[in-house]
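Per TrEMBL, domain 'TRNA-binding' is recorded for 39-153. The domain 'B5' annotation in TrEMBL covers 407-482. As annotated by TrEMBL, Mg(2+) binding site applies to Asp460, Asp466, Glu469, Glu470. What TrEMBL records for 707-800 is domain 'FDX-ACB'.
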Amino acid sequence: MKVSLEWLRELVDIDQSAVELAETLTRGGIEVEDVEDLNKGFEKVVIGEILSLTKHPDADRLLVCAVSVGHEEVTIVTGAQNLLTGDRIPVALIGANLPNGLSIKKSKLRGVVSLGMLCSREELLLDDTVGLDRSSDGILILPSTAPIGESFGHYLGLDNSVLDLELYPNRPDCLAMVNVAREVASLTQKKPHLPKWADQSQVLSLPVATDLRIIIEDQDLCWRYAGLMVEDVHIGPSPEWMQRRLKAAGVRPINNIVDITNYVMMEMGQPLHAFDREKIKGNVHVRVAQPEEKIVTLDNVERTLNPHTLIIADDTQPLAVAGVMGGLDSEVTETTKSLMIESAHFSPVSVRRTSRRLGLRSEASNRFEKGIDVSGSVAALGRVCDLLQDLGAGRPVAFVDEVKHIPPRRQVALSTERTSTVLGIELAVSEIHQVLEDLNFEYQENDGLFRVEIPTYRSDIEIEEDLMEEVARLIGYDRIPTTLPQGDQTQGRRTPEQEFRRRMRKVLAQSGLDEVLTYTFTRAEADAQWGSAKHSIPLLNPLREELGVMRTSLIPGLLDVAARNVARRNTDVSIFEIGNTYWGDEQPLKKLPKEELRVAAVAVGKSDRHWFNQSSSYDFYYLKGIMEAVAHEFGLKLEYRLAENQSLLHPGRSADIYLQNECVGFLGEIHPSLEKEWGLERAVLFELEMEPLFKKTRQTVRAHSIPRFPAIQRDLAVVVGVETSAEAVMSKIRKLGGNLLQHVEIFDVYTGKPIAEGHKSLAFTLRYQSLERTLTDEEVSLLNSRILEGIQQDFGAERRK
């Protein structure tokens, strides 16, 4: 944002130089990247008058000029042939350093001393300067009214400096001169001079247009669209003062109508666009483009649009790409007699996406992308009315305003005590009062607690900490004392939580999984599918539409990675991620969301073939084996139960994972109905909450002496109903086996003949062992029989023969 100091002085009292003001703004958090002195190169250039012209006594092509520069008369030798006595011309005096790099010194030309130089347009780099005769060849001839002796830079209005602001996305308000003035006023404790056009009554008093309607077809993409109808339009150049200010701001003057819209945009931050009213057929529609719809934009390029592009159209054709560029078919020309001037609020995401796709960037799109004040649309048209009438460029006759949404003004609480704690400096209530007064914020205070009403143009202030930042900026960061860290010196080491994550990564990597890192943002539909739509947190300014919410599950990101690899013929993928998920309790957020650390994995295809292991397809049991490795690493006892969410996971190849009767995750094969959606065939996955695993991890290693007495191993095969889980049978076996049953594991699951339909065979290995004595076959047989009776009674099991 380029800020003209001359323009800024009209809006706020400034008693600092440009450099001093730049330092003030930078200390206040508005970084000034550069200060440009527009008068540089014109310091010793003045307006002179030719008093006499005589031929050089020793050179036929040179003239000796007597020139009045106001306070004195100087002699200058020149070779220009376009001069007459009485001409007013720019004179570079001795010591001048011209814009083209030429330094002026006292010189002697063929015996005649020359005390300066008469300047041409080229030497002053004034190819496009307003108000000067462009046809002059040679020395630049000025109007006869040019005051003799006046600084040439002042005469051109170049005695001005421009501050180049490096604005970050959180301060789009400073893309408007009036808000820069407010910022300067706050930092220097001055009052801004807000002009009369801050009142919207001039526009609102106009009759409502009856021959044209505004139809907003998607209120998410356009909150408001206002139009000002203007008749008796006179197209011509804008006045010199306006062109000078636009140039200082980096905007090229075109004609009075376009310059007025650009001037108001730079002044108030509201982009505007003027349409030739006679070229609008029927009503104005704010809609998305049809597939392959085309428009020729103002740069005379035909562009193909898509259904993600928001456009302005009439009943027959597109008129403009919303927020980016107007169309050639509705542009203002020298023959235009009536106008519709647009002032709207378009979705920042929509404008950014369109701008990038079309490769078009403009001052308007820059402001829409960062977000503008929706309540400023009508005020901007009020300023247009003033300028149209002041410049005699047109007569406002009607007004139309279609409003879909205006967000309420935010209220934010600010505690003096907490502000003092956070900033590390003791603040009085009166100091907070002063800061809020300087910011011109409305507020109420009760016992040091402020309730502040945030102006609509300050979209960056949403929570208490934002107001604390304002306090710090205005009291001065230099008031905050510098302190060194305090505390005992300790040897650096990983925290238990860090060590836990490190060990988790190690066991998963050793199991053959590759670690990946995905965005913490994801698609709303996928997050609602695998996570929680109720707790998802939408982003106000997403990178892309498909990254619109903070994730509540790691699975969508991993599935995207797997699908992208499979689509590129890398068909064997086994990946995992450890990362945070984000859970909001309510929308809009009033406190920081809960961060929940999770670990998840996705595998699709086949495992690698090794000399010690044949290649095999990734399946439910592959990931369950990894789960057992995790359980063994951390001394946990995981339990697997039938998965409750049958819509996402294969009903017969999935399970919920429990730890001490608490569900901590899930495991299984993706549901067949989702395979086509993700482009993955028989992908298997799991996701676990890390916190309960960490809390219940066995922190100390328990060691036992090697048993001195032999173990006895027995196999037990039983037939149960297919609905009976092996885990339930194993739990019953452990309970009945008591202390003498040291280990039990399942080694076979079988269905089919001769097993009856609706049943399955489960085969277990049981190891009995005492730490105190040698067991007898009779003891083990009795215990084995008791176990068989127990599972027969609880599960209707039959011993397989």
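Note that the numbers count up from 1, one per residue, in the order the chain is shown.
Using the three backbone atoms N, Cα and C, a Cβ is placed for every residue, glycine included.
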(request) Looking only at the domain 'FDX-ACB' (707-800), report the model's average pLDDT. (result) 91
(request) Among the binding-site residues Asp460, Asp466, Glu469, Glu470, point out the residue whose Cβ has the most other Cβ atoms within 10 Å, with all shown protein chains included in the count. (result) Glu470
(message) So, three-state DSSP: helix, strand or coil for Asp466 (Mg(2+) binding site)?
(response) helix
(request) Summarise the domain 'FDX-ACB' (707-800) by DSSP state, stating how many residues are helix, strand and coil. (result) 34 helix, 32 strand, 28 coil
(request) Using DSSP, tally how many residues of the domain 'B5' (407-482) sit in helix, strand and coil. (result) 33 helix, 15 strand, 28 coil
(request) Taking the recorded Mg(2+) site as Asp460, Asp466, Glu469, Glu470, identify the other residues of that chain whose CB atom sits within 8 Å of the mean position of the site's CB atoms, giving them in sequence order. (result) Arg458, Ile461, Glu465, Leu467, Met468, Arg473
